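Lifted from Swiss-Prot, the feature list:
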- 39-592: domain 'PLA2c' (DOMAIN)
- 56: N-linked glycosylation site (CARBOHYD)
- 166: N-linked glycosylation site (CARBOHYD)
- 221: N-linked glycosylation site (CARBOHYD)
- 283: N-linked glycosylation site (CARBOHYD)
- 313: N-linked glycosylation site (CARBOHYD)
- 351: N-linked glycosylation site (CARBOHYD)
- 495: N-linked glycosylation site (CARBOHYD)
- 519: N-linked glycosylation site (CARBOHYD)
- 547: N-linked glycosylation site (CARBOHYD)
- 571: N-linked glycosylation site (CARBOHYD)
- 588: N-linked glycosylation site (CARBOHYD)
- 614: N-linked glycosylation site (CARBOHYD)
- 659: GPI-anchor amidated asparagine (LIPID)
- 1-26: signal peptide (SIGNAL)
């Protein structure tokens, strides 16, 4: 239902000017990638205990509730228009003047590189009133009714792009796709942005290298994540100077569209890694970045810091130099690029026998140093949580004792759909739309692993105090086809009373093929305009059950899911149509644990042991994101070379690093960029 419109030069020009003026008020104090010193109150404390949401978030929610109340009433009225009687439930939710009766909606978009960014964009477009056709033929208005929007890795590229471009719409991105400096111009890889113009590519990488080197020369630790984030940003903020070189994540709080609560509350998710280790599991500390704070609800930290002043040298939240703070460290590209999963997955490919031997030798030597020096992760130094006292006494103080904080992609703990910030009891979310674009299986489709791991986390030490509804094992997900269509989990709160608290109902929206083979490789770093539009269109169809052709009543069922928690809490009679919906979409506890055949088995992307190259040679497999659907010849030919997905079968690396330093030398900044470029070119990722 998404239709491309003719490019409009005047609109594009006005948009570019507005972005420039907006960014001018949100720039780093140094007007560059380098953080700078700013004044702050002498008595300021930048860290708080995670006992509740922040005062800033609470004040923002009061505004947002007024906005979502109007939008949600309109959406539910349309969704239940064909119901026999929905007046009682709607009257109770909206006419009592009690905001606590208002269902609180959240959307979480998984990681998965550009595959997830584009497919997730289609899902959000289907929920957005601003999308052509979404109000009449989609779930238009649902996004306007949403309070929280979280993303991990590729999902965060989507969330960050929309939020930091003044809450632009996917429709607007589509309308301007043929213009110069258009958002998400993926025609050429971020590695070779000039295409055949090698001078443009060289200039881009020179700018990136200079930016990272300038940060390093200012005595800040840098890593490949800095280079990666800078490279990515040019596709997210093309109208801004050098891809928003000074644009900060905290600038979202200064945008009028956010201040007026006219957009959801954006959240980026990352995983912490204990100094001296390389293992990520369910006990990893999960961090979130929102417009006001970054930190973790987990008992291993239990703290939040003011995201605007990251980079400030503190002890227990107090700046070591009173009255002076650091700003600009929270560079938008850096936070959106706080990811190493894509690096780790692509780096495994260097064992491929088709690479020149000198490249293989060089890469192995380089990657060994990377792993030991932590250059494969994002380094937040100085540590904003240095010497904090809020963590649970049962946990090691490794995080708060360290001078640096080390973060990796939020999906490296196998919880690729970033729901953890949304299931916190303090946020009181009623329903989560979980958009899963993971490549869990051989053909790069999801198998529910992320939800399974989140469910399991509540029973390990780190998950104490959290709740998540019951979900089946991954074999059941696949055998019952739950990974190919929308499924509701946790439909009946009466069956969840043995959990810590009643968790949100989860509407699972897995990536599936409707009009396009959207199971593209995470290593596919370029998409033609036609492919981008097709990926987004397919995402629209995922959210709408193929434009409601698979189920004309699906919008009504979404409405039933939204009101379910409040309906049960308030003891309101459900419309009979909702009972039919729940029978059709709620998982009823049925299991089918029959093992999957080898051709379908899972390919879980665990942390890679880059020091064991010899033992892992031969383990890599070339896997194909194949499709039975016929595509146009141009689409097929342009994507076939990028459809290989590597197998991540290496064991978890538990050996401690011998060197905890994380500072790239002056010469290695440019060398790192060159290595990244060379490896990606030879591995076919470009």
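Positions of Cβ are set from backbone N, Cα and C atoms, glycine also.
With residue 313 (N-linked glycosylation site) as the anchor, the candidate glycosylation sites are 166, 221, 495, 547, 588, and the one with the nearest CA is 221.
If you take the C-beta of residue 495 (N-linked glycosylation site) and look for same-chain residues 6 or more apart in sequence within under 8 angstroms, you find 470. Of all Cβ atoms in the protein chains displayed, 16 besides its own lie within 10 Å of the Cβ of residue 283 (N-linked glycosylation site). Put plainly, the glycosylation sites 56, 221, 571, 588 were compared by Cβ crowding within 10 Å, and the winner is 221.
Cα of residue 221 (N-linked glycosylation site) to Cα of residue 56 (N-linked glycosylation site): a span of 30 Å.
Among the glycosylation sites 56, 519, 571, not one has a Cα within 10 Å of the Cα of residue 547 (N-linked glycosylation site). Confidence annotation: the domain 'PLA2c' (39-592) carries a mean pLDDT of 92 in the model. Between the CA atoms of residue 519 (N-linked glycosylation site) and residue 56 (N-linked glycosylation site) there is a gap of 39 Å, rounded to the nearest whole number. Looking only at other Cβ atoms within 10 Å, the busiest spot among the glycosylation sites 166, 313, 519, 547 turns out to be 519. Looking at residue 588 (N-linked glycosylation site) and residue 56 (N-linked glycosylation site), their Cα atoms lie 40 Å from each other.
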